[in-house]
Amino acid sequence: MPAYGINLDALTINIYIWFASYTIVLYDYICTFRTEVAYAWPCPWSPGLVLFYLNRYLPFVDIIIFMRTTLFPFASPSACLWTLPLMTWVAVFGLFVSETIILLRTYAMWGGRTSIHWIFLVVVLGIFSTMLALLAWKTALDYKESVSLVGEVPPDQFSCQVSAFSFANQSTLCLLIFYLLAFVGEAIIVTLTAIKAKQHVPKVSTLWISELYKTGIIYCCCMLTLSLINSIMIFFGPVAYKPIFIIPERALHSVFCNRVVFLVLKNRMPRRGEDIETNRRSTYRGSTTDVFTSFFSDTNVDAQEVSSGTIP
């Protein structure tokens, strides 16, 4: 154990779990690359497509920074002063991108109702902005802590990995509130999705709509659970294990959100024959994907079918 109190065995366990998380991202990318080529590449550029590509490819920036820190843990102290904040902000930005996509999907499920608009305005302005403020505060605290470590530890023994696991009390409080707010935001999303699923699924004839709700609820529940676990670990866990599930949550956010987007894109492609006729027989109106698909614009999609939630 180094002089400044970080258990290297615990640090190694953290790194293994983070490496496994990024391996899942890479494996999922390989498995879904053909789907991306077939369904995302032909789409015209739109805000939603930009969000999708950010969500899909930002984890690779995370991986590059992670590998640099892992392979070169004894980089210069000055390098650590910018590497660690960069890693944090890229990961959190990616998390916000994933959350934004799911917010748009949920908003679309509710047909863009004014009441849902105000709820999400509270989520974005109240919860997300507070999370950003907490992150900025934590970045400043971590910078101060890293500077103090630079002064205490000989340059040839300074480790970026150990510096990353040095939590001050205020920094721990920032992370705790951050993930509690994430938990609240995700709880709102999963509740609204479950309510709309109960109302909508029995009234539609298309299987992909039911699958969209099912995967969305599973996705949100997984993220809800991980946010709760992170909150518990940050509050109760040993110092070296406090961030152990932060990277798994980041990785799974990206993977699950990509799956939801692929499901929407695949089923928005125009079908032929019986499928088109079957889908047009659905009479349920004023629901699911009008807002979401407006962010993924497709000139081949009939506007009425989009608003009815029966797009194939």
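Glycine too: its Cβ is placed from the backbone N, Cα and C atoms.
Where the annotation comes from TrEMBL, it is an automatic prediction and has not been curated.
Note that the structure is a prediction, hence the values are computed from the model and not measured.
The following features are taken from TrEMBL:
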| type | residues | note |
| --- | --- | --- |
| DOMAIN | 16-61 | domain 'DUF6533' |
| TRANSMEM | 15-33 | transmembrane segment |
| TRANSMEM | 45-66 | transmembrane segment |
| TRANSMEM | 86-104 | transmembrane segment |
| TRANSMEM | 116-137 | transmembrane segment |
| TRANSMEM | 176-195 | transmembrane segment |
| TRANSMEM | 216-237 | transmembrane segment |
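Looking at the domain 'DUF6533' (16-61) alone, the prediction's average pLDDT is 94. In the domain 'DUF6533' (16-61), the DSSP tally of helix, strand and coil residues is 40 helix, 0 strand, 6 coil.
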